[in-house]
Amino acid sequence: MMLQVAVLSFLLCSAHSFSVKVLIDGSDESSGNTIEDDEFTVSARLEKANANLGKNLGDPVVIFGDIAVPSGLQNADPCTARGCLWPKAPDGNVYIPFRISRQFSRRQREIIIEGLRSFERTTCIRFTPLERQRDFVDIQSRSGCFSFVGRRGNGQVVSLSRQGCVFQSIIQHELLHALGFNHEQTRSDRDQNVRILLQNVIPGQEHNFRRIRTRNLGTPYDYNSVMHYGRFAFSRNRQPTIIPIPNPNVAIGRATQMSPTDILRVNRLYACNSTSSKRHLKPTQTDIFLKK
Ligand SMILES: [Zn+2]
């Protein structure tokens, strides 16, 4: 656990920090004050899909709900020496090779590809079909939705179980982990923005609410982040486990896609600039993806 924290801190420390103002969407919609309203939040879907995680031999160790931890690592995580960022190409884009398992139906494959492509429209991240590269994202249907944080080296599994993970929000959420991001409610400044009610948390799941010494890339805490868990995440008694402050009625964790702040963070972590974001974007690229 400490290892993962160290990795993330290193990762975020290595990114540049800026101070541009961000407009946060007003949250005037339904706040989802009952557990039923939260059925389709990212965290509710993750919890449901990950109910059996760890029961199969070969499942990685998963912490924080859906973050896989490499096993067998002793002292320093190799990731900290290499840097967990994906490398930037001379043209300013970050090309991340991917492979999608044949376990998925054609329709599911299309949804996953749409999730991969969603990064192209707003960032310099370019997911490209695997050719001969060493490091890549290996999208499989394992027993739940999970991902490692940052680039791990070689093929790294991003699991999107066919049962319960093939949704735009979950796909983006897991890919954001692979890009190096953690959950919003573990941010260093979360206690100014949410109150965690550990008394309502399922015993043994308290670690999901641990705070991490993150660097936040000059971006504000974002209730609408696709990385924010819902109000009832890991609740043992149908009572809230996360309450926003000062206004307890603000909607949290109900994003169905990356928020403007999520996008801004990707652009900052990978130092994308506006010229690289739009280049090399051809409308026919979906066809290339689908032929693979
Ligand atoms: Zn997650």
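Using the three backbone atoms N, Cα and C, a Cβ is placed for every residue, glycine included.
Listed in TrEMBL for this protein:
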SIGNAL    1-17  signal peptide
DOMAIN    75-273  domain 'Peptidase M12A'
BINDING   HIS173, HIS177, HIS183  Zn(2+) binding site
ACT_SITE  GLU174  active site
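Secondary structure at HIS183 (Zn(2+) binding site), as computed by DSSP, is coil. Those same-chain residues not listed among HIS173, HIS177, HIS183 yet with C-beta within 8 angstroms of the centroid of the Zn(2+) site C-beta atoms are VAL42, ASP66, ILE67, SER147, GLU174, LEU176, PHE181, ASN182, VAL226, MET227. Applying an 8 A CB threshold to same-chain residues 6+ apart, the list for HIS177 (Zn(2+) binding site) reads ASP66, ILE67, SER147, PHE148, VAL149, VAL158. The average pLDDT computed for the domain 'Peptidase M12A' (75-273) is 92. All protein chains included, GLU174 (active site) registers 26 other Cβ atoms within 10 Å of its own Cβ.
Under the three-state DSSP scheme, HIS177 (Zn(2+) binding site) falls in the helix class. The separation of HIS183 (Zn(2+) binding site) from GLU174 (active site), Cα to Cα, is 10 Å.
Cβ neighbours of HIS173 (Zn(2+) binding site) (same chain, under 8 Å, six or more residues apart in sequence): VAL42, LEU46, ASP66, CYS145, VAL226, MET227. Of all the Cβ atoms in the protein chains shown, 27 others lie within 10 Å of the Cβ of HIS183 (Zn(2+) binding site).
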